Structures are given as structure tokens and as C-alpha cells.
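Here is what TrEMBL says about this protein:
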{"type": "TRANSMEM", "residues": "12-34", "note": "transmembrane segment"}
{"type": "TRANSMEM", "residues": "46-67", "note": "transmembrane segment"}
{"type": "TRANSMEM", "residues": "73-94", "note": "transmembrane segment"}
{"type": "TRANSMEM", "residues": "143-164", "note": "transmembrane segment"}
{"type": "TRANSMEM", "residues": "176-195", "note": "transmembrane segment"}
{"type": "TRANSMEM", "residues": "215-236", "note": "transmembrane segment"}
{"type": "TRANSMEM", "residues": "256-276", "note": "transmembrane segment"}
Amino acid sequence: SLSAGLDLAGRFLFAILTLMTLIANLVFIEEVFYIYRKIPSSKRSILIWVNAAAPVIATTSCIGMWIPRSTMFTDFTGAVFFAIVIHKFLLLMIKECGGQKLFLRRFENGHFKISTGPCCCCCLCLPGVRITRRTLFWMKLGTFQFAFFRPVFMFLSIVLWTNGNYSLSNLSPEGAAIWISCFVAVLTIIALWPVGIMFQQVRILLNCKNIVPKFALYQFILILNHLQTAIISILATRRIISCAPPLSSSARGAYITHQLLIMEMFLITLISRVVYRRRYSELEPPECVTGEDGDNKQDP
């Protein structure tokens, strides 16, 4: 534990950050009770998963801050949880449209715009893809593969680490870290692409559901938990972040990352409570397109 070597200011900082983590978890627990009381059962699970992203990352960061030796386990746990949240957020957008059947009915003559980030944002000439049950399946598969393979790579990394073959400071081609990191990066990009495509398709329709602020919060968590962490890790590996005994450069980089994530996830948790708190009965999406009166019995 690092707490034994802290001065008064350090102990005060640790206490404040730990309090932030506790408050974030209490806010989330209160939000869970609200979801169970006010939200239809078909949406409860997805909303709880999405809202849990920030408190879980704050908790894993707090544990990593107090117990530096657990950093690898806490970072991987947060990353795996958010991999599942990426898939859940795609399902959330479909669910807010009334479910898969109503989504396909509403957009049966439409096309997905695939020239969007992070894969094809520069390829504006790409044709649209017709919205069908098959294309929707492939989009779900694109996010599900990351939720499935991220824990697999986590388990492999921990096994190699215990054997001394995995180290984030060793990025040579002979090391396992560089190859696992590259595979995870490719899988991440593949998973983020369907979410971006779906958001472009439904953002106007779900404007009454606050989908833009919800997507922005999702993007903030993604950037802070992945991009920010990767940048600080690279700076620490290159010794740009200097060591501060008893902390090495890499340990100090992880130490900084955890403190930043706790503060950032605390703020995102509070904002999420405001964004997701609105009554869903007042924000139902428009009825299905006219001319389908014979199918009204299938409307939600």
C-alpha cells in the first residue's frame, strides 16, 4: 500500500478522492432504485449497465490508487466492463426506437451511412448499406465481439504477466504486450464503428430521448478511459513523466491516471444522473410511420 509513505497533503488528497468514489457509487445505487421503480422492465438491465460504467471505473481506479500492485488487474477490469457497455449502448439505441422489429419497420426503406468514424470517416464516397435484419445483426456482432474477446485477451495477458512474459514497458516485437495491444486496438475500432453508424441513423429520431447528451457521455468515458490512459502510459514509458521515489515512472503514470479518472468519473456520474433521470413516459418516440394501421397492435 502507498498510504504509509504519504504526507498530510497526500492523505487529504487520497481521502477526497476516496470520498468522490463513495459518492459516485451511492449516486449510482440511488439511480438503480429509480430505474427499478420508474422504468419499464425491458430497459432496466441496459440502463443499469450503461449508468454503471463511470462508477465502476472510478471504483477500480480508487483500488488501484490505494494498492499500486493491483493496477494491472483494476485497469483490465475497468476496460472489460466498458467493452460490455459499448455493446449495451448500441442495444440501448435500438431499444429506444421501440425494439428491433419497430426499428426495422421505421427504417425499412432507409440506408445506414457507413462513412463515419472511427473507420471510414474520410471515405465520404462509400455507398449506404440497406437497413435489414442481416445488417442489424452484423452491427450487433461488431460490438459483441469486443465484449467477448476483451476478457479473453485480459485472461491471456494476466497469464503471461504471471509468467514474466508480459510487460507494458516492453513494446519490442519480441514482447507479447505490443501484439496484444495491437489486437485490442483493432477490435476496439471495429466495435466503435457500429455505434457511430447507429447514432448517425437515430440521433434526430431520438432527440426527444436526449440521445445526443447520452452519446456524448459515452464518448467522454471512452476517451478518458482509453485514450487518456494510453497517452499517460506512453509518456511514463518514455520517461517523460519522471520518477518520484518510491514511485517509478510507470508507477507514477498509473498513479496520475487513477487520480484523474476518479475525478472525471465522479463528474460524469453526476451528469449521467441528470441526463438519464428524465421520465421516459414523457419521451416516448413518435408512433410508427402512417399507413401501417393494421400493425398498430404491435406498437409499444
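Each Cβ is built from the backbone N, Cα and C atoms, and glycine gets one as well.
Counted over residue pairs separated by six or more positions, the transmembrane segment (176-195) shares fewer than 3 Cβ pairs under 8 angstroms with the transmembrane segment (256-276), which leaves the two as not touching. Under the criterion of 3 or more C-beta pairs below 8 Å, with sequence separation of 6 or more, the transmembrane segment (256-276) and the transmembrane segment (12-34) qualify as touching. Under 8 Å from some Cβ of the transmembrane segment (12-34) lie the Cβ atoms of residues 3, 6, 48, 51-52, 54-55, 58-59, 61-62, 65-66, 259, 262-263, 265-266, 269-270, 272-273, 276-277, all in the same chain and six or more residues away from its ends. Among the recorded stretches 46-67, 143-164, 215-236, the one sharing the largest number of Cβ pairs closer than 8 Å with the transmembrane segment (73-94) is 46-67.
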